[in-house]
Amino acid sequence: MVRTALRTAVWLVLIGILTVTVVPIGMRPHLGLGPEPERVAAFFVLGLLFSLAYERNWFLTLCLVVAAGFGIEALQMFSPTRHPTVDDAVVKAIAGIAGVLGGIIIMKRGWLRS
């Protein structure tokens, strides 16, 4: 039950991140933290959820989160109001990696039961 909820949540989060990343800049929601903390938080949560939802495939989730960081940033090239940068992609990838590592720690310590 928990695993199914996590898997549903992670894919919804990924769809949400994809959506807010490629919409015109004026339509992007703002949490009031600024773009950098929002970017870090989004990809940390994505990495954490992927790690918890697919705990046995941690290396695959790590690769997926890094690819998502770079791929989603690259998608901004198709939006005339967005400006993709390698720096933003690296920040997203590092935040995602930190989230995956956080999920691994949670699972190893047994803080989340299936």
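Cβ atoms here come from the backbone N, Cα and C positions, even for glycine.
Residues or ranges marked as domain 'VanZ-like' in TrEMBL: 40-102. Here TrEMBL flags 9-27, 39-54, 59-78, 90-107 as transmembrane segment.
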Range from 9-27, 39-54, 59-78 with the greatest count of C-beta pairs under 8 A to the transmembrane segment (90-107):
39-54
Using a Cβ-Cβ cut-off of under 8 Å, list the residues of the same chain that are 6+ residues beyond the ends of the transmembrane segment (9-27) and lie near it.
42-43, 45-46, 49-50, 53, 68, 72-73, 75-76, 78-82
How about long-range neighbours of the transmembrane segment (59-78): same chain, 6 or more residues beyond its ends, C-beta under 8 Å?
14, 17-18, 21-22, 43, 46-47, 50-51, 84-86, 88-93, 95-97, 99-100, 103
Under the DSSP assignment, what numbers of helix, strand and coil residues are found in the domain 'VanZ-like' (40-102)?
55 helix, 0 strand, 8 coil
